[in-house]
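Per TrEMBL, these features apply:
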{"type": "BINDING", "residues": "29, 67, 191, 195", "note": "divalent metal cation binding site"}
């Protein structure tokens with residue numbers, strides 16, 4: 001089961017515990033960010049991990065790997081622009097391993113056809129299935145010829161990157177001001193909205209295919225097949241009201 005939220009929330013853990021054949025939770029964001037000297041039931045996150053462990057359910061967090069892999073989240077984020085792009089590449093390049101050529105953090109797209117920033121907004125909203133995004137533009141708007149993207153929180157990756165527009169989930173107030181003062185527009189979607197749709201559109205069928213291609217005849221799976229579920233309890237913690 002996939003959980004794209006920042007951490008393994010109690011509601012997602014309860015959902016996982018209610019599924020009798022569940023073996024693994026793929027929590028995109030690591031539920032443990034810093035080393036722990038102990039784990040107790042008094043802490044909601046630690047309680048969730050202890051309950052899952054007691055039932056034999058593992059938790060795996062592929063956060064940075066899934067950001068950087070060639071078929072990962074950042075490649076998926078630029079999908080609306082690929083038909084009009086003349087080039088795209090990672091913002092920072094990872095070690096190149098056979099079968100993972102083109103891996104790296106973030107993505108920058110150079111367009112063959114300039115776009116108005118509001119065209120880009122519409123394309124992003126359609127791709128992410130959002131009613132609203134946040135937009136910041138310089139005092140003098142210019143056509144968008146290049147777009148830098150980073151799932152989640154992209155400001156640190158965007159440092160020193162020249163692009164007409166930054167697309168990410170969140171940036172601080174001062175980071176947005178610095179971008180628009182340098183002539184770069186900014187689209188923010190809220191952190192997990194840059195990541196959540198990827199799970200059902202790409203990762204769920206991809207992982208299911210990979211797992212089932214390696215099934216052994218002795219696997220004790222229903223009908224000999226692995227089933228990959230996307231959490232129904234997960235949601236972005238922020239709402240527009």
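Just so you know, glycine gets a Cβ as well, placed from its N, Cα and C.
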Cβ neighbours of residue 191 (divalent metal cation binding site) where a neighbour is any other Cβ within 10 Å: 20
Entry from the binding-site residues list 29, 195 having the most other CB atoms no farther than 10 A: 195
